[in-house]
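A short write-up of the structure that comes next.
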Amino acid sequence: MPVSSDPKTFYIETFGCQMNFHDSEKVVGTLISQGYRQVETELDAGLILYNTCSIRDKAEQKVFHRLSEFRQLQKEGKRFAVLGCVAQQEGEKIFERAPHVSLVAGSASYRNLAEMLVQIESGSQRITGLDDRETDQTFETEFTARGNAHRGYITIIEGCDKFCAYCVVPYTRGKERSRSAESVLREARQMADAGFTDVQLLGQNVNSYHDPSGTMTFAELLTAVGEITGIKRVRFTTSHPRDFTRDIVEAIDNHPTLCDHVHLPVQSGSSKVLREMFREYTREQYLERISWMKATKNRKLSITTDVIVGFPGETETEFEETLALLDHVQYDGVFSFKYSPRPNTPALKYIDTVPEQEKSRRLQILMEHQREIQRANYRKHIGETIEVMVEAENATRAQWIGRTSQNKTLNFTVPQTVQPEIGSYHQVLVTQAFPNSLVGELVG
């Protein structure tokens, strides 16, 4: 394939969380507003951008592999940019490791991206956009290029002040800073006017949101977004148990547009390990929050979580406490990971007493344990009729892919005479269940 000679073309690859993917939508919008055109491969691009994740070492190494893989393209005049958490964490050291990189920019500097693009175009080298964690500014732009015409993100809070012992996010994303409720609601209305019906509010700790004017709590903001005409579903992620309050559950229970799904990372079922992690809650306090969600009057909430296994000092007994917590809560999904040492974090000072092989063993046990819980949970949906939003067609299986308000995938068949529209809502009868998805048939 011929290499594009147009320097104002770009390719972007995104690693990591929803925050990164939404940041990339804003970066893409800014690039397009500056006259750039997006292309599908590195080979066709004049500017190659990697929006990076550093939450675990494996994610961090992916970007350096990409930079090495395509290094020879610099000889053809292509420019490289490293964005996001690895950029903020490693800073100018990236230039030493990958001298062909022209721009290193953390997420807090994206508001200056247009100016940095001018520097790239003028031939400048080693351009940096690195803010300290004390910045009060958030990245708001009218140039968001949303990748989905029906489901979209709104970042309501950036940064993190929790400083968990294992986590690099406070050092790469800066301190917590919230957008005004007025700004969030304005963006939500614009999305509704543009045809979006499913809106997800984002933050590293989304429920730590504090309206700078003091007008709205997080629960009140959720409700206000859900009351906007045209919006059918409101989601939010990720929550921190420390700031998870009962009024959030009450809002979900009483407002059908607020999705009946909460992702509440626990990280460990052992109070001792949680204390070493600096999570600032106990097993019992976490389970109190679960009890609020189990006690709803109008809706049954789906609960998912994150778990780290093999944290320094975690004993077999403490690991078994985590397995017991899974049994107690009956999560609909668990994102589980082996502990990975990260730069600048307090846990680096701990003696990593759990061998890598043992971490892998525990992870496998936990995943298999949770898989059986999910298998039983998903089977309970058989015979139910559930509303889905149509996301895509799976032509090879003669099925359509839908998503429920509980964020579950429901693959379904339709009569030959029916052609659902992407983004439309339909009633589906569940006929089969698997540990990670449901299967059904269109009934309305």
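Each position is counted from 1, following the chain as shown.
Note that Cβ sites are derived from N, Cα and C of the backbone, with glycine treated the same way.
Site annotation (Swiss-Prot, ligand [4Fe-4S] cluster 1) includes Cys53, Cys85; from Cys17, Cys160, the additional listed residue is Cys17. With helix defined as DSSP H, G or I and strand as E or B, the domain 'MTTase N-terminal' (8-122) counts 64 helix, 25 strand, 26 coil. Cα of Cys85 ([4Fe-4S] cluster 1 binding site) to Cα of Cys167 ([4Fe-4S] cluster 2 binding site): a span of 12 Å. For Cys164 ([4Fe-4S] cluster 2 binding site) paired with Cys53 ([4Fe-4S] cluster 1 binding site), the C-alpha to C-alpha distance reads 17 Å.
Across the domain 'MTTase N-terminal' (8-122), the model assigns an average pLDDT of 91. Non-local contacts of Cys53 ([4Fe-4S] cluster 1 binding site) by the CB criterion (under 8 A, 6+ apart in sequence, same chain) comprise Phe15, Gly16, Cys17, Asn20, Ala59, Glu60, Gly84, Cys85, Val86.
A simple way to gauge crowding: the CB of Cys17 ([4Fe-4S] cluster 1 binding site) has 18 other CB atoms within 10 angstroms, across all the protein chains here.
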